[in-house]
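A.B. asks: Submitted below is the structure of interest, expressed as structure tokens.
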Amino acid sequence: MTRFAIVGGGAWGTALGCLYARAGHRTVLYARDAETVAGINRDQRNARYLPGIELPDGLTATSDPAEAMDRAEIVLFVVPAQSLSVAIAELGGLVPPDALAVLCAKGIERGTGRFASQILTEAMPGQPLAVLSGPSFAADVARGLPTAVTIAAGEPALADRAARLLSTETFRCYAAGDVVGVEAGGALKNVLALAAGAVVGRGLGASAQAAIITRGFVELRRLGAALGGRPETLTGLSGLGDLVLTCSSPQSRNFAYGLALGRGDDRSGLKLAEGVFTAEIAARLAKQHGIDAPIIATVAAILSGDRDVDAAVQSLLARPLKREFD
Ligand SMILES: NC(=O)C1=CN([C@@H]2O[C@H](COP(=O)(O)OP(=O)(O)OC[C@H]3O[C@@H](n4cnc5c(N)ncnc54)[C@H](O)[C@@H]3O)[C@@H](O)[C@H]2O)C=CC1
Ligand SMILES: O=C(CO)COP(=O)(O)O
């Protein structure tokens, strides 16, 4: 039995809580909001973030961070990328120094361009860390459906150990050494899923959707490599694997946000779509690194109101013809 603490009572934190509590680990989830804590402890439900799923008895929640961190061996940080700095500033001091911190957010911090691993390393130098990413919808994982993900750490031995500790009978973790490549794939696929959703929502067809996924993958590979990721990582579960999942299913909140964009629907009540916060900084990073990333730039332009979806499609189609591979 391992002692897990989970920071964040949203969909993904609750799903991972289900997974490890069911596997027999001591699993305590820290959530800020009292309603979420009460719902998990009293009704075995997280009606707001993970409706329709009965949570296991072994999963408990608390709004007391010290209680959650008490002798924790693994601490999963499962808050949105833009909230991670604040969460670490509030809770970092309570994390036992030898606990493995596992970063689960998929995004880039807007103001600084940092990935989660950089945020954690700067705030908590010396803390062992791993990054968990890959194709994995919270509801699927909470239901115990088969899932395969990547777990990356700088040291191979730590990555192997993390993969062993975080795998269960249904949740298969592949160890990797390329932390940046894994984080880049997870962040960029969300931006590209907005584009894929918008294309489908606008009624442009399955062929256009496939074109966006494929050309989007070219951008993910180019920018991911410029940021320091290895080519093979970007074609793995956390890159191509998650891109395919997120760009093809309305279960994805990013794809669903894109659908609403394409249809011209109101987007104010939609769930978290990390790509909305990552698009602009991703476009800026691409520019800084001299990377041609027209789909990412177009998503950023649509979100900032500089372009509508029809004009964006026209300008993508009007780009000069070029070789597919150069
Ligand atoms: N939902 C999914 O299927 C998956 C989500 N992820 C990633 O996990 C991250 C979190 O996503 P979800 O849980 O789905 O989002 P969510 O919107 O369902 O929940 C986010 C939770 O974080 C909490 N939170 C925000 N700031 C906090 C802070 N400073 N301290 C404590 N709690 C705080 C919120 O109260 C909320 O409970 C995102 O980066 C997402 O891309 C990754 C894989 C799957
Ligand atoms: O990251 C995910 C699946 O791997 C979840 O995608 P969404 O955040 O778009 O729902």
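Backbone N, Cα and C atoms are what each Cβ position is placed from, and that goes for glycine too.
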A.B. asks: Report the candidate from Lys106, Lys271 that shares the NAD(+) site with Gly8, Gly9, Gly10, Ala11, Trp12, Gly13, Ala138, Arg253, as recorded in TrEMBL.
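C.D. replies: It is Lys271, as the record lists it for that site.
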A.B. asks: Here's one to test understanding: among the binding-site residues Gly8, Gly10, Trp12, Gly134, Lys189, whose C-alpha is closest in space to the C-alpha of Arg32 (NADPH binding site)?
C.D. replies: Gly8
A.B. asks: In which DSSP state, out of helix, strand and coil, do we find Gly10 (NAD(+) binding site)?
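C.D. replies: In three-state terms, Gly10 (NAD(+) binding site) counts as coil.
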A.B. asks: So if I take the binding-site residues (Gly8, Trp12, Arg32, Tyr49, Arg253) and measure from each Cβ to the nearest atom of ligand 2, which come out below 6 Å?
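C.D. replies: Checked binding-site residues vs ligand 2; flagged Arg253.
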A.B. asks: Taking ligand 1 as the reference and 6 angstroms as the Cβ limit (strictly under), which binding-site residues among Gly134, Lys189, Ser252, Arg253 are close?
C.D. replies: none
A.B. asks: For the substrate site made of Lys106, Arg253, Asn254, how many Å separate the two farthest Cα atoms?
C.D. replies: 13
